[in-house]
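Written below as structure tokens is the structure these notes are about.
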Amino acid sequence: MDASTINSLFLIGALLVGASILVSSLSSRLGIPILVIILAVGMVAGVDGGGIIFNNYPTAYLVGNLALAVILLDGGLRTRVASFRVALWPALSLATVGVMITTALTGLVAAWLFNLSLIQGLLIGAIVGSTDAAAVFSLLGGKGLNERVTATLEIESGSNDPMAVFLTVTLIDMIASGQTGLHWSLLGHLLREFGIGGLLGLGGGWLMLQLVNRINLAGGLYPILVVAGGLVVFSLTNALHGSGFLAVYLCGLVLGNKPIRSRHGILHMLDGMAWLAQIGMFLVLGLLVTPHDLLPIALPALGLALWMILVARPLSVVAALLPFKAFHGREKGFISWVGLRGAVPIILAVFPLMAGLPDAQLFFNLAFFIVLVSLLVQGTSLPWMAKLLKVTVPPDPAPISRSALEVHVTSEWELFVYRLGAEKWCIGAALRELKMPEGTRIAALFRNEQLLHPSGSTVLEVGDMLCVIGHEHNLPALGKLFSQAPQRGLDLRFFGDFVLEGDAELGAVAALYGLKLDGLDAKMPLAQFIRQKVGGAPVVGDQVEWHGTIWTVATMDGNKIQKVGVRFPEGTRPGPGLFL
């Protein structure tokens, strides 16, 4: 490879990445997932479009694994351990039982549609059996879904790859060696994948945390150190026959949920690297496919994709979530619909090609076609489906910017900036009248681009920029304080006619609204009653019905229900109520 060739590669690579970024602006306008657009750019530039011939499967495998490791590390850093209280076991059930059921159901139909042996059909099912972390993290961001749904989908997508990889590799070995039966030793291999991956992921994350917090470096080097550490954990786990995907996700989880030096610098840098990883990975996968090869299999492949979306995934979700009573039908329906397939199935489809199996090219083309259908059908309809199934909750107003205050090594103090519009409730109020959350302070006030020296009597005006020092856990309270009038109206329409305190006694509530206790303990707090009705860990947006009224969890403080909204049937006149 001479200098001219290298320069051409740089030019083509930069043009493709730049084109992907520029064209991605069409994503929100057209309602098409950005990942589909990036795939399309790769396909257009490929052999049937721009004429770029790329058929190097080992290179695609290398790029895909590297990109997924970075994406999962970033996803782990942004996942809050607090979400595990509502989603850990359901997500693990989906990641194991759910993947196996999806594999079996998809494999049976694939074998019938394409006249393959049962074990070859099951291999196709295993390849497309897991949801994709890159697709899920990318498409769920900012959708305002309730915590139970969001946490379940994100944890599932970060932890179901070991099962899919295990099933794929096992079935490839069986086909290559001519085996037709399963053996109990396979269970031991699966436990080893999860065990080694979990142990090295948590242990590697803890070691990285100690290293980052104890060593003094230039600020820009900490994100690079974290990425390097994550890749060490990923590759070492794979070398020991564990799940590198699970390990790097857990490594990020540990780093993201402990006080760590240069936290915001790490998150900002990882955000850019994760985007670059997604763009590079989907460009390479788009270049790898030959579009005209998809046409002969389009009809049966579409049938298989729709079978997986409409039958296999929903049945696997219902079965996997059967023991978890907190999930109602709408949540199960939405989780079924967000069985997004992305880069992982395409990368797994490279395995049979590298192993030289018969019909390996068919497996690859099928995986690519199913991913394309999944992203187009499920990805584009995700916002509409969330509204239809009512799994969204009103989001808390967010600051226009936030930045870290590195007052000490593991400082968690942040500076939040709020712009006060005409519709803000606090316009016209003096600073001393604001009920600031405990532990927060107003640091500065800007008006007409000028820094003021405010006092307690300073009155807030439209257009003011308010800078507040606080912690991340103060954001919900600050969001309510600086909320907009339309936002408050949205809250009332969603949560009900009145909002009650969670510690209000059930007997008092029943007396005020003329409801019958039916043998319930009158001293029981309303929050405890709601928790029992939900049947599991509650989240904001959970609804239960009692005597024709709808009771909705409005705010939470950790595991505790703080406020409950109540909506009465149309045409009824409630009692005096407790409007708080």
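For all residues, glycine too, the Cβ spot is worked out from N, Cα and C.
When Swiss-Prot is compared with the stretches 162-182, 456-476, 519-539, the one noted as transmembrane segment is 162-182. Cβ atoms under 8 Å from those of the transmembrane segment (292-312) belong to residues 48, 101-102, 105-106, 109-110, 113-114, 124, 128, 337, 339, 361-362, 365-366, 368-370, 373-374, 377-378 of the same chain, restricted to positions at least 6 beyond its ends. Of the Cβ pairs linking the transmembrane segment (240-260) with the transmembrane segment (57-77) and spaced 6 or more residues apart, 3 or more are under 8 Å, so the two regions touch.
Counted as Cβ pairs under 8 Å, contacts with the transmembrane segment (57-77) are highest for 334-354 among 6-26, 86-106, 162-182, 193-213, 334-354. Against the transmembrane segment (6-26), stretch 34-54 shows more Cβ pairs under 8 Å than any other of 34-54, 162-182, 193-213, 217-237. Here the domain 'RCK C-terminal' (402-484) returns a mean pLDDT of 85 for the predicted model. Helix, strand and coil counts from DSSP across the domain 'RCK C-terminal' (402-484) read 13 helix, 28 strand, 42 coil.
Cβ atoms under 8 Å from those of the transmembrane segment (217-237) belong to residues 66, 69-70, 73, 196-197, 200-201, 204-205, 207-208, 211, 243-248, 251-252, 255, 261-262, 265-266, 268-270, 273 of the same chain, restricted to positions at least 6 beyond its ends.
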